[in-house]
Amino acid sequence: MATLELYRKGASVWVPDPDEVWVSAQLLQDYKPGEKQLLLQLSNGNVHYPVGSPSDLPPLGNPDILEGENDLTALSFLHEPAVLHNLQVRFLDYNNIYTYCGIVLVAINPYDQLPIYGEEVIDAYSGQDMTDMEPHIFSVAEEAYRTMTREEKNQSIIISGESGSGKTVSAKFTMRYFAVVGGAAQQTSVEERVLASNPIMESIGNAKTTRNDNSSRFGKYIEIGFGRKGDIIGANMRTYLLEKSRVVFQASAERNYHIFYQLCASRELPEMRSLRLGDLQCFRYTNQGGEMQIPGTDDVSDLERTRNAFTILGVQPDQQMELFRILSAVLHLGNVDIQASGRSSDRSFIDADDRSLAVFSKLLGVEGSQMAHWICHRRLTVGGEMLVKPMTGQQAVEARDALAKHIYGQLFTWTVQRLNSALSTQRRRAKSFIGVLDIYGFETFERNSFEQFCINYANEKLQQQFNRHVFHLEQEEYVREELAWNRIEFSDNQQCISLIEGQLGMFDLLDEECRMPKGSDENWVRKLYDQHLTSKPHPHFRKPRLSNIAFIVLHFADTVQYECEGFLDKNRDTVFEELINILKASQLVAELFQQQGNVPSAANGSVRSEKRATREHKLTVGFQFRQSLQMLMDTLNSTTPHYVRCIKPNDLKEPFMFDPKRTVQQLRACGVLETIRISAAGYPTRWTYEEFFSRYRVLLRGAQNQDQAQASCRQNLPQLIPDPDQYCFGKTKVFFRAGQVALLERLRAERLRIAAVIIQSQVRGWLARIRYTKIFWATVTIQRYTRGTLARRLALALRYTKAALVIQKTYRMVVVRQLFLMIRQATITIQAFTRGTLARRRYRVLVAERAAVLLQARVRGWLVRKAYRQIRAAVVFMQCCIRRRAAKRELQKLKTEARSVERFRELNKGMEVKLMQLQLKADQEVGEGCRVDECKLKNQKLEKPPPAPVISEKEVEDRRKAEEKAAQKILQLKQVEHVHQAVSQANAALRAELDEERRKYQGLLREFTRLEQRYDNLRDMSLLTEATEGPTPPRMNFYCNSLTNVTLSAVLSLLWLCADIRVDTALSLPPGLSASVIFLCVRQADCSGDQTRARSLCGAAVTAMKAALKRLDPQPQRPQHPGLSAAPQRHRDTSAKHHRCHHSDDTTDAVDVLPPSTAAFTNHLIPLLPSVAALLESETISSLSGSVGKLPVSRKRAGSVGGDAPTMASVLRELGGLHTAMTHQTLARTLMEQAFHQLTYLICASALNSLLLRKDMCSWSRGMQIRYNVSLLEEWLRSRGLQAGGAVATLEPLIQAAQLLQVGKKTEADARSIVETCTALSSQQIVKILGLYTPYSDLDERVTLNFIRMAFSLFPVTFPNLPPLVLSAEQLVIPDSLKISFLRKA
């Protein structure tokens, strides 16, 4: 079927738009050949699109199934609007910045920090196939690394794009990936030095431009060398075309190289003060652009990072300061003031007191007068005589700037050579390498000069190599599938390259004009006109209409007009030999010019000398650039290239903002559209037979079995597409021309529409019958309710009549009763008031009498209590004195008894100190109580009384004396009471201390007895140690059921016996005999209460076990899996809990034997984890049949290689064998449950990580498969009784992830159901799974962004309510050796 038949009503097309480049429209009527216009529906209304011929028809849109495809070559219609729309959808809707375009990775700069470059992402992409993962820069790096190790062939990663598109960042992430994948565990390894070269090159080679804040102003090619084991052993860097003109001139809103601004910002550092640097505004080479600071950057911290990188690469601090002195000298050189002199200003001079020249000379160690003289003069050779000619002011300024550029170029070259020497290795030679090319992209500005000409020439060469490589891969695909194909024509830019580098090309004419004594830019342009316009007109060369000093070159990407002004000077890049000789005399910069005469560099230019005038053409920048570029092309042609095209989405540097105009311009310039055009010329759409059968099964007739997919496709496809030229059958794939997938989609949609109409007719009839039945029963119900309502109304009327009579009767009764009650209430009120008045009179009389009696009683009671308190205070004071004296006597007696025990004098020193402290504390409390009472009485005296009427002096004196007397009595009484209380408390404390001392004394006696027993045990152990140095004790076979009074020598003999049992003997013994013997010994030592004995026994057991393990397995253990690091610690905690039941708490040494055995056990479990994770994703359901049980086949590329996946039965057999081995060895039930708990946890984590990183796993059918496999594992765990240890609970996140793939995802109720069900998953994991969800069939749909936001907003945010920490002094374990045990009683 022809493509014209696809232009039917409802079809989607693309029409040009001045703002959006392309906009989508829909056909409102079918197109018939010969019509002159199409009726289209746009978002702003209907339009008529003119059509002159079928070739003028607008491009067709791709089906919805291909929207957001991660590979542009998989689109049915390959054209510019389809590519632009697909990139925009992935960038804005899915936040995916990477997209494949065949072998090219398109990277869009997001202008934002994305969390997709961490260590966990590197681990996820490491070892994975390129087609199994989402597009990423790590995927390209992994493909290059795997190809290098597999095929042992050198690789290259070519990263290109215009300034600001993210080339440098992509190159850094690529190098970081190689450093992690091929790294070694050394502190300052080669990988660290490779990464450390980035900040150095950014400081001296990057600058701010109008398009990029960190633009690389040079090209670089880094070769990372790898050894035979795939580890990095060295690196080498090559640079191309440094923009030296930026050192002396910057355009508006641009900056010089970063290193100058970093030095000026760090001028206050002590080591930088000798450089005499000032503010950035003070230097001519830094203030021309007007931009002094880049937002979001700190020049001081950047310089510190640069210096650290120098240190890592082996550059000493004194050498770093020499570099900084040279850079500072360049800044001071730009401030040298050159003044004109003479009648016609044909001379120039520099003031002898010029400060900048003096600082420049001092920093470099040169003669200032000589430098000032030769900047303003030049030497000529005329007739064999040497003449010195003065220069004008402008010529002197140019000579000064040329010297500054030359010094910086030499410094840049020296730095690159130093980096290469630090990155190279002398230990071994690299077997292969991977090159990373970070080079400038195609550039076109309002004014283009020599730098843009060289950059665009380099991009022409790279584009030619790219086109030929893509064409070659396309043809290899057809040959591999054994297709009958015709040669594909592709655009070759060899004519444009010949125009630039061919014989009598632009570079040849430029070098020829540079050799002329009076060559000029105008003469060179006239030669170009004569050669390429007049004599032999070239199709890629033109002349501007309104200019005679410019020319136009038709590049592959765009047409560029170049201004010839400055071409000759930049190509020569000369500096006078006299100035170079002055610098060579300096010890500081002499090293920079050592290779000046023998190894010229493309970044350094040439030194003008009369003796070397005949060889000057060999040192031009253009000649050197062509040589280095040719070497680069030879290197790239000898390697397998991988392409990364960086795209700048907008010029405002706004995050996730997409400008279609700028994007299309870059797509045309970087060759992405050319790749698509080459693919579209052949068979751009390729489906495996399984994929085609799964998608278009409704269109195929015959057997519906996927095993016969190829035969079914070959039989039915000619009936669907009559034209055999529109498709072709390969060995494993079926190939289609452009637009045929859209045709098949239309046929499929039509077939589904017919089926839907039949289903709708049946459903509508069923609904109509249900509606009729509902209406019939509703009519009957309404009639029944109506009759009932009328009957209820009649009954209600009768009830109302009867109620009215009752209400009238009741109302009349209420009125009469209220009148009676009112009269009775009035009578009662009058009686109450009268009786109350009489009662109150009697009450007042009784109150007066009671008050008089109460006053008398209070006064008499106060007098009696006063006398009683005085007598009681005196008696208590006497009792306290007597009791204190008795306590002191008792204390002295106890001290005497304690001093008699000379052997334990040091053990109870702290007790005497404590008694003194308690006595001092009691005395202090008594004194403080007295002082507090005195202060209270003084404060009461000092309080001012309220104002009173004036009284006589005699009354005042009497009152004062009475108050003093009362105060003295009160003070005496209070002192007695406080003393009594303090003495009582001290007495009680002393009695408690005495009791404690008695108990301490008894404890010391018991400790003495225990120490004697310990001494005897240690003596026995020493004798046993001397005995064990002799021959090994004889073997004994015994089994001990209970041990009592076991000595240490017998225990050690048991340990040697258990460790030395042979294998054949151990197999004949009961399981766990050795462990039982050791356990009984340890328990006996623990029950005895001797901690030293228990520790010695545990240490001996550990030593014996380690020796036995070393004899059985002398090989080093494999590295432990990082996920199993928590298992030994949990085992140790469990063992510690079991030991709490013993009498001894110091049994930690006995638990230290667990890590070696646990590590060995873990090493046997590690190989199971990846296979189990794969089983949960690829196993088929055996209990289901039909299309439901068939999972969709993952779409693979031709280069993908798959292995045989293990089955669920094999994994369960492995687990069963492990369980049987543990059971046979009588392993504790808790330890067995803990081991399988950790194993199932790692299985769940591995499967869930794979699910979150792979888009093809997120579908309804895959969720059903995962749930089935997990149920098999659950059933196995429950059959072994392992669910009590939590092994089944660890599978809950994976179960909920499978349920999330199967539930509905449309309404708010579905979102709430997801939030309530998926409690074990985080909100980020749920959003990730919903974003990766892929429809399995047409009945399913993609998850919309609104639903994802709705589900994310429903997640509750809770904060844990933790109780405060409970801690008391009794919980502290204080050793007795510290002599501070009295803190426990404080």
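Backbone N, Cα and C atoms are what each Cβ position is placed from, and that goes for glycine too.
Unlike curated entries, TrEMBL annotations are predicted automatically.
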Item to check | Range annotated as region 'Actin-binding' - as stated in TrEMBL, picked from 215-237, 629-651, 698-720 | outcome: 629-651
Item to check | coiled coil range according to TrEMBL, out of 48-85, 504-541, 580-617, 884-921 | outcome: 884-921
Checklist entry - In the structure shown, which of the binding-site residues SER163, SER165, THR168 has the fewest Cβ neighbours within 10 Å? => result SER163
Checklist entry - If one looks at the chain holding LYS167 (ATP binding site), which residues at least 6 apart in sequence have a CB under 8 angstroms from its CB? => result ILE159, SER160, GLY161, SER216, ASP438, ILE439, GLY441, CYS646
Item to check | Residues within 8 Å of the GLY161, GLU162, SER163, GLY164, SER165, GLY166, LYS167, THR168 Cβ centre (excluding the ATP site residues themselves) | outcome: ASN109, ASN212, SER215, GLY441, CYS646, LYS648
Item to check | Cβ neighbour count (within 10 Å, all chains shown) around GLY164 (ATP binding site) | outcome: 22
Next on the checklist: Given a 10 Å Cβ-Cβ cut-off, pick out the one of the binding-site residues GLY161, GLY166 that has the most other Cβ atoms nearby.
Outcome noted: GLY161
Checklist entry - Counting every protein chain present, what is the number of Cβ atoms, excluding its own, within 10 Å of the Cβ of GLU162 (ATP binding site)? => result 24
Item to check | DSSP residue counts for the region 'Actin-binding' (629-651), split into helix, strand and coil | outcome: 9 helix, 8 strand, 6 coil
Next on the checklist: Limited to the coiled coil (959-1021), I'd like the whole-number average of pLDDT.
Outcome noted: 70
